[in-house]
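*Asks:* Dumping what TrEMBL says about this protein:
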ACT_SITE  Cys116  active site, for GATase activity
ACT_SITE  His221  active site, for GATase activity
ACT_SITE  Glu223  active site, for GATase activity
ACT_SITE  Asp264  active site
ACT_SITE  Asp422  active site
BINDING   Cys116  L-glutamine binding site
BINDING   Gly351, Asn487  substrate binding site
DOMAIN    41-237  domain 'Glutamine amidotransferase'
Amino acid sequence: MDAPCRAAMAARPTKGIVCRSRTRGTVVRATKEGNGREVALLDYGAGNVRSLRNALKKLGCRVVDIESPAELAQAERVVFPGVGSFGAAVDTLRKKGYMEPLRDHVLEGKPFLGICIGLQVLFEGSEESSGVEGLGIVPGVVGKFDASRGLPVPHIGWSGLEALQPSKLLNGVGGKRVYFVHSYRAEPVEDNKDWILSNSEYAGDFISAIQKGEVYATQFHPEKSGPTGLRILENFLDKDVQVEMPHVSKFDLTLAKRVIACLDVRTNDTGDLVVTKGDQYDVREKGDGNEVRNLGKPVELAERYFLEGADEVAFLNITGFRDFPLSDVPMLEVMKEASKNVFVPMTVGGGIRDFTDSQGRYYSSLEVAAEYFRSGADKVSIGSDAVYAAEEYIKTGVKTGRSSIEQISHVYGAQAVVVSIDPKMVYVRSPEETDQIAIKAHSPGPNGEEYCWYQCTVSGGREGRPIGAYELARAVEALGAGEILLNCIDQDGKGDGFDHGLIGLVSDAVSIPVIASSGAGKPEHFTQVFQSTNASAALAAGIFHRQEVGIDNVKDEMAQHGIPTRL
C-alpha cells in the first residue's frame, strides 16, 4: 500500500458498533444500533480457531462466520485470527477473494482485531514468503528472529507488553504476560511508530500490538493468554472501557519459563478414557488386578490446571501409535470440550502420521493434524514418525517434504510442531565406543561405566532405534520442528529430578525451545533445571494429578529464585 493510501487510513473517521457490557455467558444478537455483541470471524482455515470462538462466546458474544467476500464487506466488527506461514495465509485470502474487502474494512476504520498472522498481513510483506505482498497498510516488512543472538526460535511463551500509547485494549493488563508463538515479527521503525500500541522484547524490541482508532492487531494470542487474554478480548468488545496507559517493569517484559501440565491419556480395561501415569512408561498398577492406573478424567483435570495457572496443557494419547487417530472420537471430543474452558495453549500427541484405514482410504499426517487443530489443539506432538523421518534425513541428507514434520510445519508453521523424544540411557566405558554423542553419566553404569548416550525409542518406548537424542534433535530441527519435548525413560516416575545431562546436551544442540520432562518430584526440581540448562519449559504429570505438588508451589519457588514466571 502506498503512502497516499496510508494517509487516507489516518484521515478517515473511526466507525464501529457499540458493545454494552453484560453478564458473561449471555448471547445477544447485535443490531445496527449496537445494543448487543456480535463479531464476524474471518476463518481462512489455518490453525485452531475453536479456542477463539469459545473465548468470545464465554464473554457473551455472538460469533458469525464470514463465508464470502460480500459478508466481509458488510461486516461491522471483524476478528481475523491466523497461524502458519505468511505466504499460505495471503494465498488463501486471495483465492477466496478476501484481500480487497479486508483492506477496505481496515481503511474505513471499522472495528477490527487481527491476531498473529492477522497482524502480519497488515504489513507490506514478510521475509518468510519473499515476493508475497501483504495488505501494505502498515509500513514495514516482517522479519525473522535472529537465532544467532542465543535465544530459541520460535519465540514461544509468555512475555510482557510495553505500552507506547494509551488504549482501551490494554486496560487492566499492566504487568501481566501474554502468550506468543511465532518465528517472525515486525520491528518498530520511524514509518510505523504512529501505529504501535505496544512493543515486547525478544532478541530486541518487536511490535506486539498495533492500534489506530478502532483498528487493533496483536502478535500474541489473547485467546491463549488466560484471564489476561480474556480481559483484552472483553476490552475490544466493550466500547465503554476507559483508555489506560499500563505500566510494566523490565523484568515482567522478559520471557517467562513455562510450567506445563501433561495428561497421559488412554482407554482403560473397561473402555473409559482416563488420565494415567507410568513408572518408566508402565501405566499398570502392581498387584493381582494389574489395571491401568486411573488418575482422573482428562477434561476435568485440564480445566483444573488452567485455573491453577498452568502455562500450557499437553494431552498425550499413549496408545495412539497403535490405532488410527481419526477414528478416536473420544480423544477428539476431549479436545473440543477442553477448549471451551481452557484458555492456554493445548498440545495433543499420539499417532500423528500418515494412515491408510481399513477401507483403503489414505490420510496424510497433515489431515490428521488438521482434525486435531479443528478440535481445539494449538500444537501437535509427533513421536515415532519423527524418529523414522530423522533417520531417513540423516541417511540421505534430503528433505523430501513428505515427512509429517515437513507437511505440518509448511502449512501451520514450525511453532505448531512439537517432536516428542523418548530416549533411554545406554552406558559405555568411553565416548569412543559409540558413533553417537556420549556424555559423562550422572551415575555409574551397572559395570562401572562412566559415560552414556541416549538411545531414541519408538512405539511408546518399546523399541530402541540406532539414533541418539542429540542426533535426532538436530535432524528434526532441520526438517522444520518448532519445539522438542524431551522425555527420559530412565527418570520417568522416579521423582528425583530431571536429567540435567540429557536436557543440557539437547538444549545446547538446537536453536528451538526444549521442554524438560520426566523426573519432577518437588518444586525445586523446576528451579534447578532452569538454572542448570537452557530448557524453555518444564513438564510434570503425576505430582500434579495426585496433588502432591501444586502449580502455584512450583511458580512461587521459581519466583523466589529470580526465574521469570507467569504468576
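Numbering starts at 1 and runs along the chain as displayed.
Glycine too: its Cβ is placed from the backbone N, Cα and C atoms.
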*Asks:* Measuring Cα to Cα, tell me the gap between Asp422 (active site) and Asn487 (substrate binding site) in whole angstrom.
*Replies:* 5
*Asks:* Using His221 (active site, for GATase activity) as the reference point, find which of the recorded positions Cys116, Asp264, Gly351, Asn487 has the shortest Cα-to-Cα distance to it.
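*Replies:* Closest by Cα: Cys116.
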*Asks:* Just the number: how many Å between the Cα atoms of Cys116 (active site, for GATase activity) and Glu223 (active site, for GATase activity)?
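*Replies:* That separation, Cα to Cα, works out to 11 Å.
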*Asks:* Roughly how many Å separate the Cα of Asp264 (active site) from that of Asn487 (substrate binding site), to the nearest whole number?
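*Replies:* Checking the Cα atoms of Asp264 (active site) and Asn487 (substrate binding site) gives a distance of 13 Å.
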*Asks:* How big is the gap, in Å, between the Cα of Gly351 (substrate binding site) and that of Glu223 (active site, for GATase activity), rounded to a whole number?
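*Replies:* One finds 27 Å between the Cα atoms of these residues.
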*Asks:* Grab the pLDDT values for the domain 'Glutamine amidotransferase' (41-237) and give me their mean, rounded.
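*Replies:* Value for the domain 'Glutamine amidotransferase' (41-237), mean pLDDT as a whole number: 95.
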*Asks:* Using a 10 Å cut-off, grab the number of neighbouring Cβ atoms around the Cβ of Gly351 (substrate binding site), all chains included.
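*Replies:* Cβ-Cβ neighbours of Gly351 (substrate binding site) within 10 Å number 23.
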*Asks:* Please report the distance from the Cα of Asn487 (substrate binding site) to the Cα of Glu223 (active site, for GATase activity), rounded to the nearest angstrom.
*Replies:* 28
*Asks:* Provide the number of Cβ atoms within 10 Å of the Cβ of His221 (active site, for GATase activity), excluding the reference atom itself.
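*Replies:* 26, counting other Cβ atoms within 10 Å of His221 (active site, for GATase activity).
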*Asks:* Once near-sequence residues are set aside, which residues in the chain of Glu223 (active site, for GATase activity), 6 or more away, have Cβ atoms under 8 Å from its Cβ?
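*Replies:* Same-chain residues close to Glu223 (active site, for GATase activity) (Cβ under 8 Å, separated by 6 or more) are Ser51, Leu52, Asn54, Ala55, Pro81, Ile115, Gly229, Leu233, Phe343.
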